[in-house]
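Copied over from TrEMBL:
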- 5-97: domain 'Replication factor-A protein 1 N-terminal' (DOMAIN)
- 239-318: domain 'OB' (DOMAIN)
- 347-451: domain 'Replication protein A OB' (DOMAIN)
- 509-660: domain 'Replication factor A C-terminal' (DOMAIN)
Amino acid sequence: MPVNLTPNAIAMINGGDVNLKPLVQVVDIKQIGSAQERYRLLISDSVSTQHAMLATQLNDRVKNGFVKKGSVIQLIDYICSEVQKRKIIVVLNLETIIPDCEIIGNPKLFIDMTAQKALPNGNSIQPAGIGYNNPSAQNYGNNMQSFQPPLSAQKQGYTVHSFRPPLTSQNHGNNMQNFQSTLSARNHGNNVQSFQPTVQPPYRPPPSYRNHGAIMKNEAPARIIPIAALNPYQGRWAIKARVTAKGDLRRYNNARGDGKVFSFDLLDSNGGEIRVTCFNAVVDRFYDVIEVGRVYLISKGSLKPAQKNFNHLNNEWEIFLEATSTVDLCSDEDGSIPQQQFSFKPISEIENAENNAILDVIGIVISVNPSVPILRKNGMETQRRILNLKDSSGRSVELTLWGDFCNKEGQKLQEIVDSGVFPVLAVKAGKVSDFSGKSLGTISSTQLFINPDIPDAHGLKDWFDRGGHSAASLSISRDIMPGGSKNEIRKTVSQIKFEGLGRSDRPDWVTVSARITFVKTDTFCYTACPLMIGDRQCNKKVIRSGNSRWQCDRCNQEFDECDYRYLLQVQIQDHTGLTWVTAFQEAGEEILGYPAKELYLMKYELQDDTRFADIIRGRLFHQYLFRLKIKEEMYGDEQRVKMTVVKADKVNYSSESRYLLDFISKYPRY
């Protein structure tokens, strides 16, 4: 079927028309960039072509085949920006009208020649697109000719017309105008021509800047655009958004010297989010100005690719404010911009989340532990508090609060729970850890909301009050194996060996019902470094220095007190065989029933060998459900399968009997 592209669309877009919504055709498409995947198009209105850049949120249109070479598309939202002294169209939104079509017309690259060129005799000539005497013009069959008024001629028997526009009263010389043929019209006769004259502005003499001072810059307000439409190809822009989070002021030192930096997150009425970062002198301008919850009008910043190691927002760009940037507080509250935006994940999905992933979660606080002091690697002391969350997915998870979170939200939560009330807690930007199961921890950009007034919180509270408080939930933190529920994968000791568990790329997680037959006591624990590295404790082995203090070679620091951590070698046995397993801190305490420090002092300081031996013998031949992580590791030049105890539960004989009866019922009968 015939397709009529929007006439003169390329010229009008270059002229600044952003409301045209033209029909154009994709005549070429090319993927560019390696770090940031982008697509560059060559679009046509059947006469002229122009390069365009596709916004990254539209990449899927190309990957899914909705936009390809020959596609006829309608540009819904777009801008025309100047990049390196040439214009490029940035397509922000489009609709595919015809997915596949033959190339329409014989379009040529659009050349913007709006500047007048002075002639020696005072006359001026203004070409427009494909016009008269334009070498890029083409003869389409016998119907389209190139003309330059006021000439008239005959060519091969076909009539050639000449045109001259009326002169205005402001013309001081003879102005010779070119006229553009409407190429989309197809004339089948030999004498029929269709021309559309361009509008000629009145002549104005070139401006004289002599003795007039500096030229005034364009200070008109920039157009407010959505955050999702921001891209580096725009010249002047402005966004109106609410500050949802503000980071601490941090100081750093590198090869360039000392510096300071802070950042804050923005949210606009369309749900777009982006991070803004300020350095050094810009920090002094804006740090005290920015307040969480307020709405600002921000413009004149530069966009750079977001560093995803530190930026969890769903935006590939990050704004860097500069000396010329402006940040203006909007005095009127804008109700169209939400206070906060969440993307909650059920606790059950955290089991399969990647380590160090940043996500939002909401749950009922069922327990809060006291805050304890922790010594960081830099020698500074901080606070740590652990609480537990559960939701309707049947899972619970540990949330570790660090620093100020312990004494602010953490203390408030403890007071609420101690009063017998279980509050709803929404966590914005929690960090996933996979150490001994899955858990969450706070980082500098984390935000905690107690009993927030949002539908998710009301729904969760209603579920809890209607019976969720007594619903069973399994902890994914040091309690169960990833990807499986409690006791899901039950194996015997012999099956571990015969099935080759642990020899694949990923570890195997199984449960074994067995009894302890032997415990090595010569190296049952070790002295550990108490300093913090990031959000984890160092835990490297420390030794006594010359001045009776403890020294860590990894942290290169000394301290008066150290930690004592289990490194317990245990032999376990079931009806099929026996094997050795290793139990670290939490699992070691579950097996022996004492903190490692207490047994260390008993054996090496008090030298009470009798009591120490009684404690060890008292644990022999007790039956446990051992949850094991099995993985092959390299020891020297030899590959060995290492089995680590993740959890050691004493057997509940009632539950174990039900499991065995169910297992027997499923066993085939002959």
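Cβ atoms are placed via backbone N, Cα and C, with glycine included.
Each residue of the domain 'Replication factor-A protein 1 N-terminal' (5-97) gets a DSSP state, and the totals for helix, strand and coil are 14 helix, 48 strand, 31 coil. Under DSSP, the residues of the domain 'OB' (239-318) split into helix, strand and coil as follows: 6 helix, 44 strand, 30 coil. Sorting the domain 'Replication protein A OB' (347-451) by DSSP state (H, G, I as helix; E, B as strand; all else coil) yields 19 helix, 52 strand, 34 coil.
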